[in-house]
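Written out below as structure tokens is the structure these notes cover.
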Ligand SMILES: O=c1ccn([C@H]2C[C@H](O)[C@@H](CO)O2)c(=O)[nH]1
Ligand SMILES: [Zn+2]
């Protein structure tokens, strides 16, 4: 059996990196000039890209990771099996990691074992699982589901 990295083949990791790096060119970041690209490898084998989208009202900015996941969710990628890996790319070294808000956003849609690959300006990556980046996390399973018989 060939070697895998968090369940991905080396070819899948290479392609994920190429997509995440290419996605940086989609960034709209005139205020920070800090480009972030994101590529999601979906369980159906497709890739969904995202990039950071800034706003003149700075806090309105959306990170690359949330852009990618929002796009993927409305494209039906949750129903078609979800996500195998997340790739993020920035122009700094060592690589940047997803911000806290994005970690929680990813938590909604991914298994805790999902690998998050982070590429730096040199084309090298670090990888950590979602659980490592967001320990003791709060997620959908902790919420009580509404009782369908309530009020009957
Ligand atoms: O996880 C992160 C952290 C930051 N940014 C963006 C937001 C903003 O446009 C720029 C500087 O914070 O980087 C992301 O896209 N993802
Ligand atoms: Zn973020």
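Glycine too: its Cβ is placed from the backbone N, Cα and C atoms.
As the structure is a computational prediction, the values presented were derived from the model and not from experiment.
As given in TrEMBL:
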{"type": "DOMAIN", "residues": "11-141", "note": "domain 'CMP/dCMP-type deaminase'"}
{"type": "BINDING", "residues": "52, 53, 54, 55, 56, 57, 58", "note": "substrate binding site"}
{"type": "BINDING", "residues": "63, 99, 102", "note": "Zn(2+) binding site"}
{"type": "ACT_SITE", "residues": "65", "note": "active site, proton donor"}
Recorded positions near residue 54 (substrate binding site) (Cα-Cα within 10 Å), from 63, 65, 102: 63
Residues flanking the substrate site, with Cβ no more than 8 Å from the Cβ centroid of 52, 53, 54, 55, 56, 57, 58 and excluding those residues themselves: 28, 31, 59, 60, 61, 62
I'd like to know which of these binding-site residues, 53, 99, is least surrounded, judged by other CB atoms within 10 A. 99
Checking your reading of the structure: which of the recorded positions 63, 65, 99, 102 lie inside a 10 Å Cα sphere centred on residue 55 (substrate binding site)? none
Spatial hits near residue 99 (Zn(2+) binding site) (Cα distance within 10 Å) out of the recorded positions 52, 56, 57, 58, 65 come to 65
Min neighbour Cβ count (10 Å) across binding-site residues 56, 63 flags 56
Starting from residue 102 (Zn(2+) binding site), work out which of the recorded positions listed here (52, 53, 56, 57, 58, 65) have their Cα within 10 Å, and give them in sequence order. 65
Residue 65 (active site, proton donor) has its Cβ surrounded, within 10 angstroms, by a count of other Cβ atoms equal to 26
Among the binding-site residues 57, 63, 102, the ones with a Cβ under 6 Å from any atom of ligand 2 are 63, 102
Given the binding-site residues 54, 55, 58, the candidate whose Cβ has the fewest other Cβ atoms within 10 Å is 58
Residue counts in helix (H, G, I), strand (E, B) and coil for the domain 'CMP/dCMP-type deaminase' (11-141), per DSSP? 44 helix, 33 strand, 54 coil
If I restrict to non-local contacts, at least six residues apart, and a C-beta distance under 8 angstroms, what lies near residue 57 (substrate binding site) in its own chain? none
Here the binding-site residues are 52, 53, 56, and the Cα closest to that of residue 63 (Zn(2+) binding site) is found at 52
I'd like to verify something. Among the binding-site residues 53, 54, 55, 56, 57, 99, which ones have a C-beta closer than 6 angstroms to some atom of ligand 1? 54, 99
